[in-house]
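Data block below; observations after.
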Amino acid sequence: MHFVIVLFSIYAVWRWADLKNWQLYHPTMLYMALGNAMYNFICAGYLLWELRPDFLPNHSLTEYIHTLITFPATALLFLSNYPKGGGRSKIALHYLLWIGLYAGTECFFTFTNLIAYNHGWNLMWSILFDCIMFPMLWLHSRYPLAAYALSIPISTILIMIFDVPVHLPIPQR
């Protein structure tokens, strides 16, 4: 299923993204990929969620393809289809669509055992994270320094809530 999502992400970008102007969205595409890479680095040996592979042989390679393809595609699709007019209700619906898409996908992963939760993380935390992540993508696309400045305390708070042992070397976690 993970590989199907990657393939669908490629198709969705081809079908619905503003490919002519992809360079406008490139910094935020990298920001999203970096965020996932940082999670996998900081939480190595103490993963809060772990994707169970279905096509690739392990979690790391599964995360790798999502980091390189799915997440940049998400940023490109989310931003290039962001409402340019129509008021707040149209913008709210855009956020709800993307949060719902991510939440629905993760619900499916949960019920099919394609994801495992650890150390207190669960589906509700993921949905809350999605509610933060999509506004952060928009913020990064307009005010990148503000997004980076906010990312630090958000990450620190999550590290503290879930008691991620960043003080220990990865092999000792």
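Cβ coordinates come from backbone N, Cα and C, glycine included.
The transmembrane segment annotation in TrEMBL covers 29-49 (among others).
The feature transmembrane segment is assigned by TrEMBL to 61-79 (among others).
The transmembrane segment feature in TrEMBL is assigned to 91-111 (among others). Remote same-chain partners of the transmembrane segment (91-111), defined as residues 6 or more beyond its termini with a Cβ less than 8 Å from a stretch Cβ, comprise 1, 5, 51, 74, 78, 81-83, 123, 126-127, 130-131, 133-135.
Distant neighbours of the transmembrane segment (123-139): 28, 31-32, 35, 48-49, 75, 78-79, 82, 95, 98-99, 102-103, 106-107, 110, 117, 146-147, 150-151, 154; these residues of the same chain sit at least 6 beyond its ends, with a Cβ under 8 Å from one of its Cβ atoms. Residues or ranges marked as transmembrane segment in TrEMBL: 123-139 (among others).
Sequence annotations record features per position, and here TrEMBL assigns transmembrane segment to 145-166 (among others). Long-range contacts of the transmembrane segment (145-166) within the same chain: residues 31, 35, 38, 42-43, 46, 48, 119-121, 132, 136, 139, 172-173, each at least 6 residues beyond the stretch ends and with a Cβ under 8 Å from a Cβ of the stretch.
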(message) Below 8 angstroms Cβ to Cβ, which residues of this chain, lying six or more residues outside the transmembrane segment (61-79), approach it?
(response) 2-3, 5-6, 9-10, 12-13, 16-18, 22, 24-25, 28-33, 35-37, 40, 51-55, 94, 98, 134, 137-138, 141
